[in-house]
Every structure is written in C-alpha cells, then in structure tokens.
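First the structure, in the form of structure tokens, and then the observations on it.
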C-alpha cells in the first residue's frame with residue numbers, strides 16, 4: 001500500500017522529494033484521462049486475486065464496491081486530487097483506501113504499475129480507436145454520397161499543378177475517399193494489436209501468485225494475452241503504430257485540404273466553403289479565409305511531431321520499463337483529440353461545400369484533349385509512340401498559329417498524319433473524353449459507379465468488423 005507520504009513506493013527512501021522533482025515526475029495532469037480504464041483493470045484484477053485465493057469473497061466485494069464509488073466520483077466530477085497523487089494509479093488507490101480502509105492495500109498484490117499502466121493505456125486506446133473508426137467511416141460515407149450525387153460534373157484533372165485531362169468531379173472526391181479507406185483498414189489492424197492483455201506480467205518477471213491471466217483477459221474482453229512479461233511491460237509498438245496511422249491519415253487529409261484551398265481561390269473558383277467553416281480578416285472586409293482547411297493542413301505537422309518524438313524516445317531505451325515511457329500518454333491523448341476534431345471538421349467541410357459547375361466546365365480546354373488525339377490515332381492503327389509525337393506536333397502547330405487545338409482544320413491535321421479524318425471531331429467532346437476511360441478505376445460513369453459500389457461495400461464490411469467496443473465488466 002502507499003507509504004505515509006502517499007507514494008506507492010517508499011521504505012528504502014529517507015527524507016522528502018524536491019518539490020521541483022515532484023512536479024517533474026508527476027503525470028496526473030494528463031494520465032487522469034485513464035481513470036475509467038484504471039478502475040476497470042483494478043476490478044478485473046481483484047477478481048483474479050479472489051480466484052487465486054489471495055482475497056476473500058468479502059474482501060473482493062468490498063474492493064469492487066469501493067472502486068465503483070471511485071468511478072462514480074470521477075464521472076460526477078467530484079473526485080478530489082491530492083498533492084501527493086503523482087499519477088492516476090496513486091490517486092485511485094489512495095482514494096480507495098480512504099473509502100474502505102486497509103483492505104485496499106491487497107489490491108496491488110503481485111501487480112506493478114508497469115503492467116497496470118500499459119493495461120490502462122490499451123483499454124483506453126481500444127475504445128478510442130472504435131470512436132475514431134466511426135468518425136473516419138462517416139467522413140468516407142459523406143464523400144461517397146457526394147460523389148454519387150455529382151457524378152455528371154466534369155472539371156480539369158491536374159498533374160504537377162498543370163491542367164492534364166478532363167475528369168469527373170466525383171473521380172477526384174473518390175481518389176481521396178479511397179486513400180481514407182486504407183486508413184480505416186489500418187486503424188482496425190492497429191486496434192487488433194492494441195487488444196492484447198499485458199496485466200499479470202508484474203514489473204518484469206511475471207506473476208508468482210497463481211493469478212489466472214486467462215480470467216483477466218476474459219474480464220477485460222481482450223483478444224489475446226501477451227507472450228513475454230518483459231516485452232509486455234515495455235513495448236510501445238502499439239502506440240507508435242497508432243501515431244503512425246494518425247500521421248498517414250493526416251497526410252491524406254492535408255493533401256485533400258490543399259486541393260480544396262487551391263480550388264477555392266478566385267483564380268480557380270471551383271468550390272466555395274460554407275461560412276460555418278470559414279473565417280474573415282480583421283483588416284480586409286472582403287476576405288473569406290479557409291481556416292478549417294488550413295488548420296487541418298497544419299495539424300498534420302503537429303501529429304507528425306508526436307510520432308517522431310515517440311520513436312526518438314523508444315530507440316535509445318534498454319530492455320523493460322523505463323520512466324521515459326511516461327511520455328507515450330501525452331502523445332496519444334493529444335493526437336487522439338486532434339484526430340477527432342479534424343475528422344469531424346473535414347466531414348462538415350465536405351458535406352457543406354458548394355461547387356461552381358459552370359466555372360469547372362469553363363476551365364476545360366481543348367489542349368487537355370491532346371492525349372485523346374493520340375488515342376484517336378492509336379485506334380486507327382498507329383503505334384502509341386508515333387501517335388504521341390503526332391499529337392505533340394498538333395499542339396505545337398496550334399500554339400504557333402495562336403489557336404486552340406480543336407481549331408486546327410482537318411487539312412492541317414492531315415499534314416501531320418493522313419490517318420486523321422472527319423471523325424476526329426468526336427475527340428473535342430469532353431463528355432466523350434471521360435467516357436472512354438471505362439477500365440475499372442477510371443473516370444467513366446460506369447467506372448465511377450463501380451468505385452462507389454466498392455467503397456460502400458467496404459464501409460459495410462468495416463462496420464461489421466468494428467462494432468462499438470463494450471466496456472469491460
């Protein structure tokens with residue numbers, strides 16, 4: 001049990017800890033987020049102790065009742081922290097002793113804060129991953145719904161930020177939705193590796209008192225049990241994986257935000273953000289700034305920093321638990337909060353975005369059909385490399401004459417290749433252009449419909465695979 005100072009350690013120490021060191025060592029300001037998981041883990045462990053004969057039934061019931069009271073105080077906001085509560089485990093155990101007396105001292109039998117904290121963190125992250133998964137799926141669903149509703153809108157596709165080929169607006173939306181679907185799949189995979197029980201590993205060597213880890217696993221609804229006690233208390237792969245997942249997801253969201261910021265400028269005027277997701281200027285009254293998208297873009301860097309910071313912490317550690325690992329929780333909590341906010345804002349932006357179809361259509365230009373002109377010659381039997389060169393000559397001729405590509409006469413085109421004939425006029429139809437890309441994954445209407453169907457099926461499958469995780473007993 002806690003020493004007279006309220007610490008969970010003591011006996012071999014003399015004197016008091018420097019107040020600056022007290023503050024430096026404390027983590028209660030942020031690991032208090034784990035209060036519910038800490039109570040859940042302690043309740044399961046008390047049942048394990050009772051089964052092992054280390055608690056009587058009456059003692060277990062007393063502890064369980066006390067833990068329920070601790071949880072109630074946290075939930076109602078009445079839990080009072082003590083200056084000596086260096087972390088959530090100290091705080092909860094101290095309060096439990098105040099409520100039920102010395103019996104509380106038996107709860108920590110055979111348990112270390114090393115296996116306790118990593119169990120708490122896994123419980124918290126498992127639940128949080130379910131929440132983030134639901135938010136991410138809602139964003140993808142919103143994007144798919146929008147793509148389905150606006151399938152007939154055409155606009156320029158860009159490579160190197162240069163106009164490339166006509167595509168469907170839906171094709172652009174779906175390109176980002178597909179990337180986010182991979183993020184959704186990765187999150188479920190990360191959660192599976194989070195869902196492994198370390199409790200019962202002790203500080204390093206394991207549990208010598210006959211505690212049934214399979215019972216603990218079932219009580220806390222974990223999918224598996226850790227294989228090695230040294231690894232169980234010190235590995236933070238699951239934290240690094242989560243932070244990397246968030247970094248990659250933010251990469252995708254940042255790229256989408258960058259596209260929309262560009263498309264929303266007066267120079268493009270393809271889209272307009274809702275006032276609900278924009279702000280103004282304190283000096284220039286005409287300004288409508290895409291702050292929602294800019295913050296999504298900037299917060300990507302913040303998340304990357306947390307991921308890199310944790311990896312730098314982990315790479316130099318010797319085996320088993322070290323206090324450095326206290327740094328993992330702040331990173332997890334901050335990134336989780338950031339991801340929750342970003343996903344909700346992104347969903348709001350997409351669902352309320354206004355598109356300017358006319359401007360999108362006006363931005364299409366005949367030079368974007370140069371590739372189609374080459375394909376026209378390919379269909380006439382010309383090898384693609386020759387067709388590419390012939391189309392390039394047509395582009396050069398149009399530029400030299402100061403006219404649009406589709407303004408070249410048939411006679412002028414035939415000076416480049418005799419394969420050009422009257423049906424070349426079909427090349428200059430933007431609708432015809434996009435419809436030729438019928439191969440799966442392309443921008444033709446049939447292919448876009450197929451993509452929408454595939455994404456809806458993936459969302460249904462992921463919803464089945466990732467039901468809301470029930471709280472442990």
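Heads up, the Cβ atoms here are built off N, Cα and C, so glycines get one too.
Its Cβ placed at the centre, residue 160 (active site, proton acceptor) has 6 other Cβ atoms within 10 Å. Positions annotated as active site, proton acceptor by Swiss-Prot: 160.
The feature active site, proton donor is assigned by Swiss-Prot to 281. Secondary structure at residue 281 (active site, proton donor), as computed by DSSP, is coil. Counting every protein chain shown, 10 other Cβ atoms lie within 10 Å of the Cβ of residue 281 (active site, proton donor).
The C-beta environment of residue 321 (2-(N(omega)-L-arginino)succinate binding site), restricted to residues of the same chain at least 6 apart in sequence and closer than 8 Å, consists of 114, 203, 204, 233, 234. Look at Swiss-Prot and you will find 27, 114, 159, 289, 321, 326, 329 tagged as 2-(N(omega)-L-arginino)succinate binding site.
According to Swiss-Prot, the feature N-acetylalanine maps to 2, an assignment based on similarity to another entry.
What Swiss-Prot records for 294 is site 'Increases basicity of active site His'. In sequence order, 257, 261 are the residues of the chain that are 6 or more apart from residue 294 (site 'Increases basicity of active site His') and have a CB within less than 8 Å of its CB. Look at residue 294 (site 'Increases basicity of active site His'): DSSP puts it in a helix.
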Note down the number of other Cβ atoms within 10 Å of the Cβ of residue 27 (2-(N(omega)-L-arginino)succinate binding site), including every protein chain shown. 19
Could you check the binding-site residues 289, 326, 329 and say which one's CB has the most other CB atoms within 10 Å? 329
Give me the largest Cα to Cα distance among 27, 114, 159, 289, 321, 326, 329, the residues the record lists as binding 2-(N(omega)-L-arginino)succinate, in Å as a whole number. 51
